[in-house]
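The region 'Disordered' annotation in TrEMBL covers 1-27, 47-74, 404-471. The annotation compositional bias 'Basic and acidic residues' is assigned in TrEMBL to 58-71. Residues or ranges marked as compositional bias 'Acidic residues' in TrEMBL: 417-438, 461-471. According to TrEMBL, the feature domain 'PKD' maps to 441-523. If you look up TrEMBL, you'll see 447-457 marked as compositional bias 'Polar residues'.
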Amino acid sequence: MVDDGDSHGSGRSGRERPPAHGHDLSRRRVLQATGLTVGGLALTGLTGSVSAVGDPTPRLHTEGRWIRDPDGNDVTPRGFATASLDFLADHHPRTQTEILEHATDGEQWHPNTIRLPITEHAVVDHGMDYIVDELLRPAVDLLEDRGVYAVIDFHMIRPYADAEGCAEDMVDDGWADSTDDLGFEADVGTDEMMTEFWSAVAPEFADEEHVLFELFNEPTVPVTWGQYGEYGEQVESREDSWLLWRDVAQPWVDLVRSHAPETPIIIGSPDWTSETQFAPDHPFEGENLIYASHIYPANGHPDEFDDEYGAPAEDVPVICTEFGWDPDEEFEETVEYGTTSEWGEDFREWMDSYENMGWFAWCFDDSWAPTFFDSPDEGAGEPWTLKDDYDQEGWYIRQWLEEAADGESGGGNGGDDGGDDGNGDDGDGDDGGNDGDDGSYIAEVDPSTTEASTGESITFEPEDTSGDDNWIDSLEWDFGDGTTASGWWAQHAYDTAGSYTVGLTATNNEGTATTHEITVTIS
């Protein structure tokens, strides 16, 4: 997603909903159980998946509905997108290197994949040499060094056919005052843009085994609910839009494949990548193809959108390359308006029910909504502060990634009996931890920070170290200032400067209790 379709701005408003198009939201299948615990937060991750920061990143391929590594291990890409690399270079005080190092620190953040958007404005304003040499090459190399997969995302949001004709009709239909205000370069054809970008990017990164390509972020129109451009009258159903899209986009897939025979290609769909449901019956031609979905709270709850976005994963590889939410009132009229408790938890449960479906949250940024972070003023600023209120997205994605990494092995095949530390470097198949009887802890304190100002909220979460044979029964928090709390998640602000000892008393199913303590400094 991009800020109102404009990569040149830094405001935080989200994208408004497009016109309704009468989706058929009936379910085809029963959602599978996932074993979530209190508050929807799983305390163990899924096995059978590539682990997080620091693991090897061999070439991926597809087999049936699965994404696999060369040894045949199932891989579940998990991570998030940054803001577009061209936006970071043009507008942001933090460099892309600083942001990517933050995003892959292996301590607070544990993605195994990072999505790297490049907008069409960069192609027009800067040219492909700049994009390849100054934006993509440093990012791709850094992620290789960090042991993280890189998805090169051509982050276009525009008509996939007859862009100029569609633009004129969209203006007539009230989308904008002129074609200059639609968020894409209407005077440049989509085929021309795609050919220029992928003819440069595909051969440059074809040999990079940790790279995947995302062909076209969000093809928009023609769609069944609006007759835009010369093809508009041909699209009488949602299936028609997919078939037109496949006819138009197959040559672009072939172009990429001619330069990069083995690189996986992620393919979107019309109506802002919302027609994933047609991929099983009408697939593209080629090998190592993955189909994308983009899902926001405006799509409803999982029982409403499972037919469109979940059921296809029973037959073809699927990655949800965008999702996210923001509870702030300013987003009420946008597709991303939602909360962790009312949308995010259900989305996670649904996503985790598909072992072969990957996901990339939007957005590891302070500007491109919905954002993980706040910053001073209106974005594109520093310092960044993680959005850690319970109903915000940022902390929840961080927790999800950490728990997924904790449940995966260093080798990526789920064969380790215990979790590694998120860096993928233990690889020794420990016995699943401890039960507190040997002087170690059942749970440890994981704070959002250990240094804060008076009045600033700190989020405290438990790191489950209880082991495979036991589980946590209760958690009690003591914040060291006379205040206590209980439960899987706590937030606290201190009124007075000083050092405070925060204690977490965890009791397991056998009645054994341990207390882990940390010190926080308040200024």
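From the backbone N, Cα and C atoms, a Cβ is placed for every residue, glycine too.
In the compositional bias 'Polar residues' (447-457), helix, strand and coil residues by DSSP number 0 helix, 4 strand, 7 coil.
Across the compositional bias 'Basic and acidic residues' (58-71), DSSP helix (H, G, I), strand (E, B) and coil residues number 0 helix, 6 strand, 8 coil. Counted with DSSP, the domain 'PKD' (441-523) comes out as 0 helix, 50 strand, 33 coil.
If you take every residue in the domain 'PKD' (441-523) and average the pLDDT, you get 89.
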